[in-house]
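Student: Pasting the feature list from Swiss-Prot:
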BINDING   T172, K198, T209, E296, N419, S424  substrate binding site
ACT_SITE  T209  active site, nucleophile
Amino acid sequence: MQLRLPHLQRSKSMAKPLPVSPLARPLPDLATIAGVRLSAVAAGIRYQGRTDLMLAEFVPGTVAAGVYTKNACPGAPVLWCREALTTPYARALLVNAGNANVFTGRAGIQACEDCADATAQLLDCPPQDVFLASTGVIGEKLPQDRIIAALPAARAGLEENGWADAARAIMTTDTFPKAARRDVKINGTPVRIQGIAKGSGMVAPDMATMLAYVATDAKLPQNVLQSLLASGCAQSFNSITVDSDTSTSDMLMIFATGLADNPEVDDVNDPALAEFTLALNDLLLELALMVVRDGEGATKLVRIAVTGADSNLSAHRIALCIANSPLVKTAIAGEDANWGRVVMAVGKSGEPADRDRLSVAIGGTWIAKDGGVVENYDEAPVVAHMKGQEIEIAVDLDLGDGQARVWTCDLTHGYIDINGSYRS
């Protein structure tokens, strides 16, 4: 296809190993998805002593859908995938860690073409049925020869139970692998949804340095898959932020093998899809929250709920403004219940707000109501809440029915330590 324009991790690019996040979650009991095989190998792209290349093979007839970064400087693999998605089918997914293949000009495009051609030859499929992703350092040419040389081993290692190894292979500054699973029914037919993700820094809507891949054995057409994924992404990966930086490489994809052979569903609003839709949304949110839990240097997960806004969009923007405020994030890191910084963030958002109708709560305790401090406010429960690992901030604007939820993490010196030495 011609392209139109939990462990300690050590790498060449980081002098010290990264400790596992205190907010880490263990891998769940992963199962298999009929029609999907995965493998992970060491291609030596950037890291030493670990796998850095994952390959997934899908049964013929697998349907794909995806959403990609809105960054104006996308990587070559993002452009490749957008083009590949103009046809509904997928036979392979190839993901490397350590090099983003971004801002590499014609060489980056050629690397995609070479990797897709080599994968297609091994799996006997058209190159346009091969989806590609790269994550890592920007501006360095992708050593595709190393990837291509590792492909035979990747093909030989393909297995149905390769999910956990695949999750580890795509990590960069991640400190733990991320995966989730759901078992549901469509019209009485059992179907399974399972996914993996990576992400730790450069995380902010629209999506981030975030890769997430979900597979299901459900039989669904591409238009339905695309609608489900876009809707689920809005409530999950587009509602998280670590550092407000939107990556050049992020993508979220779903692959449906159809082997569950459920009754055909060709309308996203069909009641038969209700259980599947809820499960997919829940799985996507679980994966997204794992990314926030693994935010670079993070020690606290923060949930920000905004209600009473002029519209849902306005509520979302206000929540993100709070979540991205360095003053709010550092106060949380210092366990300081400095609610005035929340008020500041609301006011600077550019969205409709009335100081005299604004209310703020932390940990379920209302601190300010209707533009003033609550009478006889007792800070003790708020101080106790700030010492926990999961912080809740609520804001009510009392202007309308708009509401939104956004998740972020605190901002510690660990973020500087990791990013100050990322390439050294």
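Every residue gets a Cβ built from N, Cα and C, even glycine.
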Student: Across all protein chains in the structure, which of the binding-site residues T172, N419 has the highest Cβ count within 10 Å?
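Tutor: Sorting the candidates by Cβ neighbours within 10 Å, the top entry is T172.
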Student: Translate the DSSP assignment of K198 (substrate binding site) into the three-state scheme.
Tutor: strand
Student: Count the other Cβ atoms sitting within 10 Å of the Cβ of K198 (substrate binding site), across every protein chain shown.
Tutor: 27
Student: Just counting, how many other CB atoms are there within 10 A of the CB of E296 (substrate binding site)?
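Tutor: If we count other Cβ atoms within 10 Å of E296 (substrate binding site), we arrive at 25.
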